[in-house]
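According to TrEMBL, the protein has these features:
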- 51-73: transmembrane segment (TRANSMEM)
- 195-371: domain 'Peptidase M28' (DOMAIN)
- 420-442: transmembrane segment (TRANSMEM)
- 475-494: transmembrane segment (TRANSMEM)
- 506-526: transmembrane segment (TRANSMEM)
- 538-558: transmembrane segment (TRANSMEM)
- 564-585: transmembrane segment (TRANSMEM)
- 608-638: region 'Disordered' (REGION)
- 621-631: compositional bias 'Acidic residues' (COMPBIAS)
- 687-712: transmembrane segment (TRANSMEM)
- 724-745: transmembrane segment (TRANSMEM)
- 752-774: transmembrane segment (TRANSMEM)
- 779-1008: domain 'Vacuolar membrane protease C-terminal' (DOMAIN)
Amino acid sequence: MHRNDGTTSYPRICLQFDSNFNLHSAHSLSAWTAHGMATYKAKNPLAFTPWPVTIITTAVYLALVIPLLVIHLNVPSAPQTSPNGLNLTEAWQDLQSLTKGFHPYNSHQNDEVRSWLLERIDAIKQSAPSTEEYRNAKEEKPDVFVFDDLVSNLTFIDKSVGVYFEGTNILVYIRGYEDNKQNWWETPGRMPIGKGGVLVNAHYDSVSTGYGATDDGVGVVTCLQLVKYFLTPGHAPRRGLVVLFNNGEEDYLNGARAYSQHPMARFAHTFLNLEGAGAGGRATLFRSSDTEVTQAYAKSQHPFGSVLSANGFEKGFVSSQTDYVILDGILGLRGLDVAFFEPRARYHTDQDDARHTNIDSLWHMLSTAVATTEELVSDNTDRFDGHLRDDGTVPSGSGTRAVWFDLFGSAFAVFRLHTLFALSVTLLIVAPLTLLVTSVILSKADKMYLFRSWAYSEINDDNIPLRGLRGFFRFPFLISIPTAVAIGLAYLVTKVNPFIAHSSSYAVWSMMISAWVFLAWFVSRVADFARPSAFHRVYTWTWIFVLTWSLVVVGTVYENEEGLAGGYFMFFYFAGTFLATWISYLELFSLPTKSEYVARLAESRRPSTQGSRLAASSDEHQDDDAEEDPTESTSLLHGRHRPTFANYVRVGVDRASHELDDEEEEKDPNVYPHEQGWSGVLPRWTWLLQLLISAPVILMLIVPLALLVTSALSQTGQDGSPQLIVYLFIASLTALLFAPILPFIHRYTYHIPIFLLFVFIGTMIYNLVAFPFADSNRLKLFFLQEVDLDNGISTASLTGMPPFAKDVTYGLPSAAGQKENCDWIFRGKNQVQRCSWSAPVPHVVPGADSLSVSNEDANSLLEASKLSPDWISFSISHPQPDTSSVRFEVSGQNTRNCRINMDGNYIGNFSVIGSSAPDHRFLNPSPDGLNRIQLWSRTWDNKWTVDVDFSKHDSSETNEVDESSITGRITCLWSDNNQIGLIPALDEVRQFSPAWVAVTKFSDGLIEGSRAFEIKRSSLGGLRS
């Protein structure tokens, strides 16, 4: 009917004519909501209302994120009193002694470190308790053998590079009380008898620009303490323990390769490798070969790490390697790789010293090594023993692929990958079936309001609106808009200030999180303002369920096909999501049946006069489009509907049936404003159960991963790695971390989102304009000086990321005014900028600072067009006529490292006179031939005699320079950098470069001196013309 003012009066008057129905209706509604729940007016502290949701979700996140952040940033404190068998004070003093100078393999300081180690080992051995003390402890004193290995050498080929290396390793063998008592290693070729032993490995060489405190000084002093520990009564090992102090890890992992030639290499079946790729902090479990050996690490007091890091190595995301790849991959041992990993800005620099680490970090690695090693040497099973193998690897048996991760840095979970696969497949099947069965039961019970917009009423032959589909389509916008913006920010930062994560990774995280959460709240509030729905929560959980189900499917495929376990967290993520979703479905059982609800509404719509019937009839024609979504073309004055807070324009909602429904919502204090009338009976506390089931597990697993990977990757951009990956990683994990709040975020008050908006604005400005480097987070530039000994030209270069490499280079006094000479080169897989300048000649050869010259033998095959100094001496001869073999005799003054470099892949094979027989396990040549031979000697000023086969010179594809000759250069390297003045160019870089710059080595040596040679093709009888 129409009022005098021209407005339409809808048939709400039926309630006025039928007071009995009103009483009956109120009574029915009271019955439906009689579940002991307080009304909104009672301010239930756990109700699904803005303040409880805002406070509780924020509290849950902060209660978990803050402790995880504190655990990540702080190392567990070392004990005040050293445990039995250990001496922390002694270990710290040993670290200080070890790191007094740079001690790469090719330095005199390296010899001093080696002598010091032998003295320390002998002192520990001599100070071991007497036999009588062991008897009192009811143990037999173990035998101890020290191997000062100055014999082992190895020739190996890795693609286009051949290497000859002479080892200087030190081994300590503590015989286990179940080991064979014979000295089997004294008989050449004899194999060990009985169960295999345990190897603990650390390298005592450093790089030429780092003191090696964590790479690998802490590992070395840990090994010294292990020797002390297992020589203490009460700790005698069951299985024998081999402690390896290897020399040469920093250069092609040469020390571990040389260990393979020692008889003791056949004894150990399991190993623990101690490493460092940072400077302090916690030591993390980088890699593990299998489940069984990882269970030993689980005994650590403060375990730390995730199998995701191991997958990163396997898939090539981490380019650097450790001795693990030799011990596990080539020798066939089963073991663990434990290493420091942050901050990478100090790795291989002069800040890798005792000053920038602490005794807590030392204790973290030491306690881990003691617990792990003790578990391995105490093993009395056969799980680490197997049958002899034909490939030359040790008979260590076979293990199973593992899943492992720490919890709060105090507990450690480890189980088989097969178990994760089985659980994943089971959950992928059971979870959707459970929801499907629950949905069927709800339908049978006539309570399936989901996906239902209407319900048919037989009373008045009409469709009654349920509005059950409302809220279904908002999740794609809710997740995609914030995530798209976060990804856009990743690209923006990469474009404007790509290295800001180097020093301010937490500012980047703050920017991503604040932007994502604010936008998620804003989108949800807009959606809820336009079309409020009590089903926002269940629909959002359903969408998250589908999304995580898909991700678990992908992860399960990778688990089965490639053995990758890094997606383990998605299984737990999906499990929590499934339970939360199921709870939302179970909530629907509290609703009235649809028929009962429809009948009540239909009765309320029955008119008591003919006029009201006509009015109702005319309104029914408008109900067909009552649920039409507002679009850009929808008129703001459409239908002359009143605007409300719940809708920009309540399109179709205030028509007859909806108006009545709205009035019932207003009468029922349990219905959240403007949501569906039937929603008043839904439980109001289950949201909290969903939050506690999903969010804590997700945070406990993903936050440590996020922090671990951020610390590992944020400073890799200086090495040439693409920074975009870091920011995309942060953006993606932000979405994963905060997706569990999406079902609740539409209830948030504005306070926290607005605060986050200001945080976003501030951090975005900072991330775009702040300088990315600082004294404590320096940019690494890679130094190399090359001296052409034929003409005396000396060129130094700095390599790094632009524009910093060029700015620093031409800001040096000796480079100022010189013509800029910068080019792009590949360092590994990454492209970086190299800038060079004419630099002073280094003083690395005593008494040979000036360029003295000498003539070459006229009968030599060398045709030298330039005179040469005596830093390097070499000769080339042809001892076997009518063959393609040539003999090089190479020597360098004050060095232990030289190379034979070719201008093409000419070399088919080579051998060094006096070397051991080739080991087929280490021969992996390129089919195109070799272009370089690396020569390492344990003695100074050594002369290498190398027979080189140039049969590969037959191939025209490898000889593009001049088919009539073979050309190349003899290069020797110098790495000793312990005195100011030896390398003036390097001293200048350190003195005049900005405080935010760190200098590290570019290659094996700091100085490369070279001389050219040419061999006439006609003189090689074995080569075809």
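All residue numbers here begin at 1 and follow the chain in the order shown.
The backbone N, Cα and C atoms fix where each Cβ goes, glycine too.
Annotations in TrEMBL come from automatic prediction, not curation.
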Open item on the list: Can you tell me which parts of the same chain pack against the transmembrane segment (420-442), counting only residues 6+ beyond its ends and a CB-CB cutoff under 8 A?
Closed with: 403, 448, 450, 545, 549, 552-553, 555-556, 559-560, 565, 568, 571, 574-575, 578, 581-582, 585-586, 588-589
- [ ] State the residues, same chain only, that lie 6 or more residues beyond the ends of the transmembrane segment (51-73) and have a CB under 8 A from a CB inside it; answer 'none' if no residue qualifies.
- [x] 44-45, 408-409, 687-688, 691-692, 695-696, 699-700, 703-704, 707-708, 711, 741, 744, 747-749, 751-752
Task: Contact between the transmembrane segment (752-774) and the transmembrane segment (687-712) (3 or more Cβ pairs under 8 Å, separation 6+) - done: no
Open item on the list: Within the same chain, where does the transmembrane segment (538-558) have neighbours whose Cβ lies under 8 angstroms from its own Cβ atoms, ignoring anything closer than 6 residues to its ends? I mean 6 or more beyond.
Closed with: 421, 424-425, 427-428, 431-432, 435, 450, 471-472, 474-476, 478-479, 564, 567-568, 570-571, 573-574, 577-578, 580-581, 584-585, 587-588, 690, 739-740, 742-743
- [ ] Count the Cβ pairs between the transmembrane segment (564-585) and the transmembrane segment (724-745) that lie under 8 angstroms and are 6 or more residues apart in sequence, then report whether there are at least 3.
- [x] yes
Task: Contact between the transmembrane segment (475-494) and the transmembrane segment (687-712) (3 or more Cβ pairs under 8 Å, separation 6+) - done: no
Open item on the list: Give the mean pLDDT for the domain 'Peptidase M28' (195-371) on the 0 to 100 scale.
Closed with: 95
